[in-house]
Every structure is written in structure tokens, then in C-alpha cells.
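Heads up, the thing below is written out as C-alpha cells.
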Amino acid sequence: MARELKLGYKASAEQFAPRELVELAVATESHGFDSATVSDHFQPWRYNGGHAPFSLAWMTAVGERTQRLQLGTSVLTPTFRYNPAVTAQAFATMGCLYPGRIFLGVGTGEALNEIATGYIGEWPEFKERFARLRESVRLMRELWTGERVDFEGEYYRTQGAAIYDVPEGGIPVYIAAGGAVVAKYAGRAGDGFICTSGKGEELYSGKLIPAVREGAALAERSFDDIDRMIEIKISYDPDPDKALENTRFWAPLSLTPEQKHSIHDPIEMERAADELPIEQVAKRWIVASDPDEAVEKVADYVGWGLNHLVFHAPGHDQKRFLELFKTDLEPRLRKLG
């Protein structure tokens, strides 16, 4: 049985202050959204005009003021500045407070957030970061059983550790992947899979989704048991000039992974991003002023196998986006399911 189509809102913690970010997420429940996800940055992409509220405080604030909205991180790194055992405790508590609504989205991490908070030495290559992620997920899942856990891993250890307040069934873990190796792991071990838009059909239909399928098959799981989430970067506005200009704040996302890998200072990140022309920045986004055109481009991702569409709008006027989403996009998007 195919997964149901879900529509989500990306709460841009790098762009908005804590109170505004909470109010926007609360409003999504009456504007056609099923979920709200939040980024987890210690530092923003931009030094000037940037923000970085604490994701878990945001989740509890939104959880208290909503009734059905699914809430999660997209994504948190439970391996460096966060201890995985403490991360497991935090999400277990939220799972008890908001039953069936909390998930933990995880990734391998970025230097921008970890070096400033005390990581010593050269920033690890992917192999180590991925190994840490896998080990942390194993540990957290053991702790969510509620039993005492003695864990001896390569990176993490616990002695008689137990989480005393755990929701039934634990917490769903969504694994973010930009390539086939981690996507295969998501299919094998994740309750959900997360990727981002704007990188070409071959990545999604030729690499990521087949890898998720392969991982699921190896674990003797159903592909349809995995919630397949994509953050869709969309700048929709009836005014085409505004739709294009709104993407400028998020120029750092258009830097290559190689460019971003070693940058750990938001001032340097901002400088590198602002050297990019607006045309290059906009390539990562669906930039549209016609709702049918916008939804037609979104429909490609559904056709490639994604079912949980989380919309990241780049403009500063998010209330305008929520209204446009409700009137222009949501009715059309629901027909994709």
C-alpha cells in the first residue's frame, strides 16, 4: 500500500527569531500543512540577519499550541555537540508529551555547527561521521526500550543507562541522505528518509530512491513502510520579480558541498555565498508565479517516489507564503495524492 501524501512546512531557524518561528509553525496547522520541521543549527548560514534558535525548545513550544501537527528536526546531528543518550532522552520526553507526533531527523553533521562548540582537531571525513551516526542511532534505539543499557561502541559508551519516560514504540528516526550510501542505510534502518530538492532527476530516480528500496529489501522491510520526505525549495509568488529576489537570502545553499565542507564561520559562509549571481542561487529553487506551473514541478518528486513534501519558502514574509499556499497551492497539491 502506497504511503499517503503529506504536506509539511520547513521552519527556517536560520532566518527567523524564536517567537516568530513558533507563531509561523502554529499558523501552519490552519493553512493546510500536516507537519512542521525545523533545522538545528548552532550558527546560521549568515552572520548578518541570521538566527539560530534551539530546535528542541521550539518543538516543545509548538507542540503545546498545536493538536495534530507532526514535528521533527530536519536535521539534527546526534554525534558531536549532542550526546546520543541525552538526545534520546530529550526526544523520548517530547514523545510522551505529544504522542505520535514527534520524529527525530538526523544527519552526519557540518563543520559550521560543531567546530564552534568545541570539536577539537580536523573536521572528520564522511566515513567517520557516517560511522558515528550509525552507532548513535543504535544506542538511541536501545535506550528507547526503557531497559538499562550497557553500550560499548567505538565512539559512545553507557553504563547502566536507562530512560525512564519513553513513549510506546520509541521515536521514529528519519535519516537524511544526499547520496546512495546513506540512502541505502535509511532504507535499512530508518523510519523515514530525508533529502532536499533541486539537484536533478537522476539523483532522485536513479540513485536515492533505488538505494532506499535496496536497503529496505536487504532488511526484509516494505519500501512503503518508509516515510520518504523531501524538502522542496520553492519560491512562489504571483509577482515574478519578488519570487526571484526572495531566494537571495538563501544563497549559501547554492554553494557546493566541497565549498561548504571546511567553512565553520558564518561570516566566511556569507561572504562566499554573496559572490554567487542570483541566477545561480535560484537554480536550487522552484521559482514560479503561476500555481499550476509550481505544482507541475513539485509533481515530478512525487513521481520519483517521494510522498512527504516539506516546503521551504525563502522570503522574509512567511505569512504571505502561508496564505498563498492555502489558496493557490494546497488544493492543487492534494490532487497529487
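A Cβ is built for glycine as well, from the same backbone N, Cα and C atoms used for every other residue.
Taken from Swiss-Prot, the feature active site, proton donor covers His41, and the record attributes it to sequence analysis. According to Swiss-Prot, the feature active site, proton acceptor maps to Glu110, an assignment based on sequence analysis. Positions annotated as coenzyme F420-(gamma-Glu)n binding site by Swiss-Prot: Asp40, Thr77, Thr108, Gly109, Asn113, Gly178, Gly179, Val181, Val182. According to Swiss-Prot, the feature substrate binding site maps to Thr196, Lys199, Lys260, Arg284.
Annotated features, which come from Swiss-Prot, shown on the structure.
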{"residue": "Asp40", "record": "coenzyme F420-(gamma-Glu)n binding site", "contacts (Cβ under 8 Å, 6+ apart)": "Ala13, Ser55, Thr73, Val75, Leu76, Thr77, Asn113"}
{"residue": "His41", "record": "active site, proton donor", "contacts (Cβ under 8 Å, 6+ apart)": "Ala13, Glu14, Ala52, Leu112, Asn113"}
{"residue": "Thr108", "record": "coenzyme F420-(gamma-Glu)n binding site", "contacts (Cβ under 8 Å, 6+ apart)": "Thr77, Thr79, Phe126, Arg129, Phe130, Arg132, Leu133, Val182"}
{"residue": "Glu110", "record": "active site, proton acceptor", "contacts (Cβ under 8 Å, 6+ apart)": "Thr77, Lys260"}
{"residue": "Gly179", "record": "coenzyme F420-(gamma-Glu)n binding site", "contacts (Cβ under 8 Å, 6+ apart)": "Lys207, Leu208"}
{"residue": "Thr196", "record": "substrate binding site", "contacts (Cβ under 8 Å, 6+ apart)": "Gly178, Ile230, Glu231, Lys233"}
{"residue": "Lys199", "record": "substrate binding site", "contacts (Cβ under 8 Å, 6+ apart)": "Arg284"}
Within 10 angstroms of the C-beta of Asn113 (coenzyme F420-(gamma-Glu)n binding site), the count of other C-beta atoms across all shown chains comes to 21
Once Thr196, Lys199, Lys260, Arg284 are set aside, which residues in the chain still have Cβ within 8 Å of the Cβ centroid of the substrate site? Gly178, Ser197, Gly198, Lys233, Leu253, Ser254
CB neighbours within 10 A of Arg284 (substrate binding site), counting all protein chains shown, number 19
Out of Val182, Lys260, which of the binding-site residues is least crowded by other Cβ atoms within 10 Å? Lys260
According to DSSP, which of helix, strand or coil covers Thr108 (coenzyme F420-(gamma-Glu)n binding site)? coil
